[in-house]
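Enquirer: Just dropping this structure here.
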Amino acid sequence: MPLRSAALICTLGINSLLKDHVENPTRMTSNHTDCHYCLQSLRGRKYALRDENAYCVACYDSLFANPCEECKQPIECNSKDLAYKGRHWHEGCFKCAKCSRSLVEKPFAAKDELLLCTECYSDEYSSKCFHCQKTIMPGSRKMEFKGSSWHESCFVCQYCQQPLGTKPLITKDNENYCVPCFEKQFAHHCYSCKKVITSGGVTYHDQPWHKECFVCAGCKTQLSGQRFISKDEYPYCVDCFSKLYAKKCSACKKPVTALGGAKFVSFEDRQWHGECFNCAKCSVSLVGQGFLTQQDDVLCHECGSAS
């Protein structure tokens, strides 16, 4: 932080004057022989210049000195006035609010109007590295991933220890891996396309598949999360299996499947849905009951005996 004095201290009789925000020094003139405020002679006394007017030290301090944020006393013109965002301190009062070490000509941070040295600020407010649990100092590069922070040097592949930076990575058991190392150590290969499965996937017949590769052998619709039926080691969606392989109900002619625990009845080479296996004449359910056959019809005992 640049330091600046509140005013310039001069003494009558010297050949040149120190400047206060003035580009070129000037020589003493008759206008500076008396204090601009109290009109007392300045001859042989120290004085301060402000807006080209000369003031004795006492008048200058009472009129223009800034109050110190720390001690609340005026910062006299023979003291250094350290300013930050419109606030002022004596040089000796410009300290860390926590450890009280001087902040003069040192980096610092502000938090809730308090000034803190970088060490105290880091201990109090900076992120901790997920890997080493040490503070990530202000100004150093911080890597963030899934809500946690790392030092750049700590954010490395668990296997090869090379920095991950912004490269693609895969997490397993809270450890991060670069893609080549993960594939080498852990990845399964899809049974269908033979490529690496980096996340998700499904298992069918003890083999891993990408979700997008696990499709119906008939219509190629993705089966992940859907009901399907196996036939000759191939998976089929319900519609394709019904169209291609399912036997038809002798009553309603719709496919008969056992999906969802649905009941069906099989007799000789014919099948019925449980709700379709009824007497052909009186329509009473024959499930679990004795029945008679008459050509292609099934009949309850009562209707069959009456025929």
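The backbone N, Cα and C atoms fix where each Cβ goes, glycine too.
What TrEMBL shows for this protein is this:
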type: DOMAIN; residues: 66-126; note: domain 'LIM zinc-binding'
type: DOMAIN; residues: 127-188; note: domain 'LIM zinc-binding'
type: DOMAIN; residues: 247-307; note: domain 'LIM zinc-binding'
Enquirer: DSSP on the domain 'LIM zinc-binding' (247-307): how many residues come out helix, how many strand, how many coil?
Expert: 12 helix, 19 strand, 30 coil
Enquirer: How does the domain 'LIM zinc-binding' (66-126) divide up by DSSP, counting helix, then strand, then coil residues?
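Expert: Split into helix, strand and coil, the domain 'LIM zinc-binding' (66-126) gives 11 helix, 21 strand, 29 coil.
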